Amino acid sequence: MSETVTRIQVGGTAGTEPYEVLVGHRLLGELPGLVGPRAKRVAVVHPEALAETGDALRADLAEQGYEAIAIQVPNAEEAKTAEVAAYCWKALGQSGFTRTDVIVGVGGGATTDLAGFVAASWLRGVRWIAVPTTVLAMVDAAVGGKTGINTAEGKNLVGAFHPPAGVLCDLGALETLPVHDYVSGLAEIIKAGFIADPVILDLIESDPEAARTPAGPHTAELIERSIRVKAEVVSADLKESGLREILNYGHTLGHAIEKNERYQWRHGAAVAVGMHFAAELGRLAGRLDEATADRHRSVLESVGLPLHYRHDQWPKLLETMRVDKKSRGDLLRFIVLDGLAKPTVLEGPDPAVLLAAYGEVGQ
Ligand SMILES: NC(=O)c1ccc[n+]([C@@H]2O[C@H](COP(=O)([O-])OP(=O)(O)OC[C@H]3O[C@@H](n4cnc5c(N)ncnc54)[C@H](O)[C@@H]3O)[C@@H](O)[C@H]2O)c1
Ligand SMILES: O=C(O)C(=O)C[C@@H](O)[C@H](O)[C@H](O)COP(=O)(O)O
Ligand SMILES: [Zn+2]
């Protein structure tokens, strides 16, 4: 029986190179074809948790005749540092990596962000391929070419737009993902539902418990729909000159929470609280109807994502939000909804409204 592989094109407009996101099972055989004939060397960047997978990919590529090395990096957010990037640069330098050689990032969003950034910065840009192994990386991080690392001042403050040459979403990888990480990825899926594709919300609401596992009946559809949302946005606005900002829904507060928690919270969990906040902000600013704001609470809670954060942290969170990339000068800017699937920018909200919105979130 032939297996279904869905191919979603990204880019190819406004002078950008097109590439494909493949979604299906047993896709790793596609990797050598994506690496291509020009490369002599391939570096497989993987987190500690995926040491076996990283080594298996390295061995496959070596069998195909490439000089393949594996670069193991820390799990999760600990990989997104200047020190770890420098460690990767050293490994590339020592193996004689040239402009025609290729980096493969296999792992969650933290690994693909790092691997993409290393690819963007090495020799001012080499080809890279993303093999996302978490829900979140499949539907969001690995697609669209935003790469980067954190600094002491905040999240993703250093990075580059450097799209991959291809993305392989092998759904089989999700079998080993802890449920906590699986659910964290649902936050970005729910984000895609609120900003662009409400069918996503209907599918989750039809059976929230099933949505929490890769065995659920709608897993592939939820992942594919979310990728299509992302693909459409980044194809129209790769460098975030406008439309792409909608993908930051829930992230202004979410990133501040992640920093405040020293990155011990998963990104998706922080973004879930951030979306709750954005919904309240939209409602209190007179943009969003009450039913849609309530729907944020119900759908996020139904899959086990958090809605609340510490009340006493507001002054610190506000300070961090000032260096959010959407800020312009002293002007804070938030993505809010004018209604379901109608994202828009709220600039310089009244501080009293901001505080009132946090009043619904803080505990
Ligand atoms: N570039 C973008 O557009 C973009 C978009 C969304 C999120 N992000 C970034 O993505 C990161 C979050 O990514 P994430 O949620 O995938 O978390 P993650 O990368 O931190 O991975 C979570 C944990 O799961 C492990 N892991 C990964 N795949 C596994 C598997 N198949 N089985 C078992 N363990 C596995 C990882 O090693 C890690 O310990 C954040 O840094 C966020 O900023 C980037
Ligand atoms: O791709 C984008 O654009 C996004 O904003 C997607 C977000 O889910 C993602 O977390 C992204 O890394 C945030 O980017 P940042 O520019 O706010 O750091
Ligand atoms: Zn995100």
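Glycine too: its Cβ is placed from the backbone N, Cα and C atoms.
As the structure is a computational prediction, the values presented were derived from the model and not from experiment.
Here TrEMBL has Glu188, His251 binding Zn(2+), and the candidate from His180, His267 in that same listed site is His267.
A 10 Å radius around the C-alpha of His267 (Zn(2+) binding site) takes in these binding-site residues out of Gly109, Thr111, Asp113, Thr134, in sequence order: Gly109.
In the structure as shown, the Cβ atom of Thr134 (NAD(+) binding site) sits within 10 Å of 27 other Cβ atoms. Closeness to ligand 2 is met by His251, these being the binding-site residues among Gly109, Thr111, Thr134, His251 whose Cβ falls under 6 Å from the molecule. In sequence order, Val45, His46, Pro47, Val73, Ala79, Gly105, Ala137 make up the list of same-chain residues 6 or more apart from Thr111 (NAD(+) binding site) whose Cβ falls under 8 Å from its Cβ.
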